[in-house]
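Trainee: Here it is, the structure, as structure tokens.
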Amino acid sequence: MRKFVVRARKEDMEKVREFLEKEKLQHYVYEDRLEFYVLDSQTEQIVQKIKELIDLRFAQSVIEVLKPEFVVSIKARDEKPEERTPIEVLIESVKRFSEFDPEIVILTALASVVAFSGLALNNAVIIIGAMLLSPLLGPIHGFTIFLSAGKIRLAFSCLRNLVANLFAAIAVSALIALFFYNPAILNDEIALRIVSNPYYTIMAIALGFASLLSISKGVAESVAGVAVAASLVPPAVVAGMLLWSYPVLASKAFILMLENVVGLLFGGVIAVQLLEVKPTKYYERKVAARYIFRSIFALIALIILLIFLSAI
């Protein structure tokens, strides 16, 4: 618990007292101060409210927040830690994805080679096996978590790394198709990646939400990571594979990949809102909320645009 000691002008003290009574917070009124106790989880909210009620321009206006050595209180005993992972822990878990790592790009390129083989051989097992190598989940989580924390530069660094990985997948596939294998006939596995459908976008949104939920609850990333990679790597590989012989179909695979990317990001952003993953400081929450609102608007616009393009 936290102990508050508020000193202010008489009229401001009266405002604070009325607020405490309205919130049903037990308080003690002295000639020169007000004292009361609140739970740790209420501290930030109470501080902001009292700052609105008293005029801090006057020297006598002071808000003291103290942490007692111990407090014997039923409320203090009943207070339980929140189940969700603190945002500081989430930020620490995705910080490495904001830095460009050539090894991650190489790993994505190798996964693309394996996926290319599976697509060329019409073998779904090989394609799924390639997803175990592809590390695309990290940058997506990094983007949504950094965005929720108001760290925009780091969020876009994660987005840049995601684009670099997908570009590597397309480029490697295009080079293989140019020099070694150029499909004359489209098999079933390739054909699946050139047909777009709004349901795929819905699936990507749900997958983005579920993957963010998994990391917030401490669930291993491997399962969600395979599913995320399966929605991104095969369309990217098909886009590169068909670039020389079927450029129109390659563009359809590229649009499908973009739909899945945007859907995954949108699902992740929605997840951080519903899970209330946000900064602890008031002003940081304001900044983060502003950027999240803009991002949601932009992602919805992109989803509509991509669905329209896929229907052409």
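Positions of Cβ are set from backbone N, Cα and C atoms, glycine also.
Found this in TrEMBL, in case it helps:
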- 104-121: transmembrane segment (TRANSMEM)
- 127-150: transmembrane segment (TRANSMEM)
- 162-186: transmembrane segment (TRANSMEM)
- 198-216: transmembrane segment (TRANSMEM)
- 223-247: transmembrane segment (TRANSMEM)
- 253-275: transmembrane segment (TRANSMEM)
- 287-309: transmembrane segment (TRANSMEM)
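Map these features onto the structure and tell me what's around them.
Mentor: With a cut-off of 8 Å between Cβ atoms, the residues of this chain six or more beyond the transmembrane segment (104-121) that come close are 127-131, 133-136, 138, 161, 164-166, 168-169, 171-173, 176, 181, 183, 187, 189-190, 193, 229, 233-234, 236-238, 240-241.
Packing against the transmembrane segment (253-275) from elsewhere in the chain are residues 84, 140-141, 143-145, 147-148, 162, 166, 170, 193-196, 200-213, 216, 228, 231-232, 235-236, 238-239, 242, 292, 295-296, 299-300, 302-303, 306-307, 309-310: each is 6 or more residues past its ends and has a CB under 8 Å from a CB in it.
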Trainee: When each of 127-150, 162-186, 287-309 is checked against the transmembrane segment (198-216) for Cβ pairs under 8 Å, which one has the most?
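Mentor: Stretch with the highest Cβ contact count: 127-150.
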Trainee: Near the transmembrane segment (127-150), which same-chain residues lie under 8 Å Cβ to Cβ, leaving out any that are not at least 6 residues past its ends?
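Mentor: Sequence-remote neighbours of the transmembrane segment (127-150) are 87, 90-91, 93-98, 104, 107-108, 110-112, 114-115, 118-119, 156-159, 161-162, 165-166, 189, 208, 211-212, 215, 221, 224-226, 228-230, 232-234, 264-265, 268-269, 271-273, 277-279, 284-285, 287-288, 291-292, 295.
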